[in-house]
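Annotated features in TrEMBL:
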- 445-463: compositional bias 'Polar residues' (COMPBIAS)
- 435-463: region 'Disordered' (REGION)
- 12-35: transmembrane segment (TRANSMEM)
- 41-64: transmembrane segment (TRANSMEM)
- 76-96: transmembrane segment (TRANSMEM)
- 152-173: transmembrane segment (TRANSMEM)
- 236-265: transmembrane segment (TRANSMEM)
- 277-295: transmembrane segment (TRANSMEM)
- 307-325: transmembrane segment (TRANSMEM)
- 331-353: transmembrane segment (TRANSMEM)
- 365-387: transmembrane segment (TRANSMEM)
- 393-416: transmembrane segment (TRANSMEM)
Amino acid sequence: MIGSSVGGVFKRTLFSALAALFVSALLISVIFAIIPVCNNVLILAIAMAVSGLAMGIIDTIANIQLVTIYQKDSAIFLQALHFFIGFGALVSPLIADPFLSETGCGNHTGNGTEIMHHFRSMLRYSPIVEHNITQSHVPHDGGEKEESIVQYAFWIMALINLPVPVAVLFLMYREQLLPCCPGSTPRLLDKDELAMETQQGAEGPDLEQKEDEAGGHGSIFSCCQNDNLRGLPASFIMIHILGGMVLFMTDGIVGAYAGFVYTYAVAPPMSLPNKTAGYLASIFWAAITAGRLLSIPLSYRFQPVRILMFNLAGAIVTVLMLLIFHTSSIFLFVGTCLCGLFLSSIFPCMLAYTEDILDYKGCATSVLVTSAGMGEMVMQVLVGSIIQTEGSYSFLLCGMIIACIGFIFFIGLLLFHQMHRNYLTGTSKKSAIEEVEEVEPAADQNGSAKTEQTENNNTVTIS
């Protein structure tokens, strides 16, 4: 969340953005490589915090760069970006699964073993990866417990991630941003016709300077400075807040549903077997990934606001149907798939829609990315606490309430969009009137001068 908040700082120049991407991506590989050798909880916590900071910076910079480069066409590319995010979330647990020990490692209390078995079951009973647990996995009559080889999962993920910083470094070379390696080949962005059409008539440094003067993208902290907020209408600020609150709710639903749908499925009244319930989380993430893939062509044909309206309404109807048919295991699977499809493209569409409202001059990307991360963190804790105290049925009830609140915030966003449009229209008319008033005295003065000159010429002629 902190990384998402400060990520906008590195947007000032293309070099700083790509350098931050390179360092962050490289840090993630390094952290994943050293996590298995951390023998202290404090060191492990610091390593995970640094990794989370790097991921937040990458998330913000990637979204900001796509919005900056493609602007009104950015919705399509944002959908593609978030498709790969969902694809990674779907595939990475499958890579880790073969290296997880069924019995765990170290000494566990009875309660701890039960909790570990809960999370292990969510991963083990997936539709893609399934291991046959034989007696060789189980400790023999007082024998030694099986040792976990989970460190190999971290090392494999570190190796898989290494091509990312290499690709960023290559991009910096092609953009001629490495002083030690000046390139003679044309810059990649110069070959991107769509990007050039978006930014035609403006050179790179001049464009960045104009964006900075207009209060362009930056970190949340720089956006909240009094100098940047002075003279802005209330609608400008409320669009940031309401857009962030919509994503706070919807991404909160994504995190809570993925985290607790297994808990809901194995508890009464559903009482599904562990293996069957383990499919749900994988189906949910697969539906999110498929929904983002389907949203790429849809974003080309429909405006983001229409997709948002359809998805939010669809999510509410789906959760409502899950509440009505709360004893149907078949509809639980169908509803999980539909819920993933409807929630999949809300984030990229909201980002494109909000930035378009603000004419790409606000801090919407930093605000929205931070709000989404905060919602995913807070809602999991909140929903988990409610499930523990009130029972599993409260899981869907919480989802329904959160979805309705998010829809109310979206309606408020539409209202403030209209207010902001009226403000811009009034400002444009006022500016046009002022320009006309400035031109008219100048024209009258020129006309008077010409009349005097004509009279003088006539007098000279008569003389």
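Glycine residues also receive a Cβ, built from the backbone N, Cα and C atoms like all the rest.
Residues 118, 121-122, 223, 229, 272, 276-278, 280-281, 284-285, 288, 312, 315, 329, 332, 336, 339, 343, 346-347, 350, 353-354, 357-358, 362-364, 367-368, 370-380, 382-384, 387, 392, 395-396, 398-399, 402-403, 405-406, 409-410, 412-413, 416-417, 420 of the same chain, all 6+ positions outside the transmembrane segment (236-265), place their C-beta atoms under 8 angstroms from a C-beta of that stretch.
Per-stretch counts of Cβ pairs under 8 Å to the transmembrane segment (393-416) identify 307-325 as the leading one among 12-35, 41-64, 277-295, 307-325, 331-353. Sequence-distant contacts of the transmembrane segment (41-64), counting only residues of its own chain at least 6 positions beyond either end whose CB sits under 8 Å from a CB of the stretch, comprise 1-8, 10-11, 17, 20-21, 23-25, 27-28, 31-32, 34-35, 78, 81, 217, 351, 365-366, 369-370, 373. Sequence-distant neighbours of the transmembrane segment (152-173) (same chain, 6+ residues past either end, Cβ-Cβ under 8 Å): 15, 18-19, 21-22, 25-26, 28-30, 32-33, 35-36, 92, 95-96, 98-100, 181, 183, 188. Within the same chain, residues 3, 44, 47-48, 50-51, 54-55, 57-58, 61-62, 64-65, 154-155, 157-159, 161-162, 164-165, 168-169, 171-172, 175, 177, 204, 208, 212, 218 sit at least 6 positions outside the transmembrane segment (12-35) and bring their C-beta atoms closer than 8 Å to a C-beta of that stretch. The stretches the transmembrane segment (307-325) and the transmembrane segment (331-353) meet in space: the count of Cβ pairs below 8 angstroms, excluding pairs fewer than 6 apart in sequence, reaches at least three.
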